[in-house]
Amino acid sequence: MTVDICEITCIDEEKVKRVKTGLETVEVTTISQIFKILSDETRVKIVYALLTENELCVCDLANIVEATVAATSHHLRFLKKQGIANYRKDGKLVYYSLANERVRDRIKLILLNFEGVGV
């Protein structure tokens, strides 16, 4: 039987220090929050759609993610509450977009880095 943990404690101080120093410059909390927000497959599809087309109405998004308008609206409200999406009303239609360029850039970076990665 193979054991997937170290059988002895042997710490490489240089590696540990290097990684800890690097972690001080990484926005770990922000990245963690984005991963939590994107932990739902439907929300990932919605965000991807909003990256592809800058703005989409709820009906189009529901069709894209193959969900009801009600379920899609629920996810969109969640994304808005988390600061990821904005909306505007135009007559009887509601259009959603990503909140700003900073959000767009961070999410694009995350999604592009995971293309083709098998989990």
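For all residues, glycine too, the Cβ spot is worked out from N, Cα and C.
Keep in mind that this is a model prediction, so the values were computed, not measured.
The DNA-binding region feature in Swiss-Prot is assigned to 58-77; the stated evidence is sequence analysis. Sequence-distant contacts of the DNA-binding region (58-77) (same chain, six or more residues past either end, CB-CB distance under 8 Å): 40, 42-43, 45-46, 49-50, 85, 87, 93-96.
For Cys10 (Cd(2+) binding site), no same-chain residue lying six or more positions away in sequence has a CB closer than 8 A to its CB. Here Swiss-Prot flags Cys6, Cys10, Cys57, Cys59 as Cd(2+) binding site, drawing on sequence analysis.
According to Swiss-Prot, the feature domain 'HTH arsR-type' maps to 23-118, an assignment based on sequence analysis.
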Original post:
Around Cys57 (Cd(2+) binding site), how many other C-beta atoms are within 10 angstroms of its C-beta?
Top reply: 16
Original post:
Between the binding-site residues Cys6, Cys59, where is the Cβ count within 10 Å the lowest?
Top reply: Cys6
**OP:** Tally the residues of the domain 'HTH arsR-type' (23-118) by DSSP class, grouping H, G and I as helix, E and B as strand, and everything else as coil.
**Re:** 59 helix, 15 strand, 22 coil
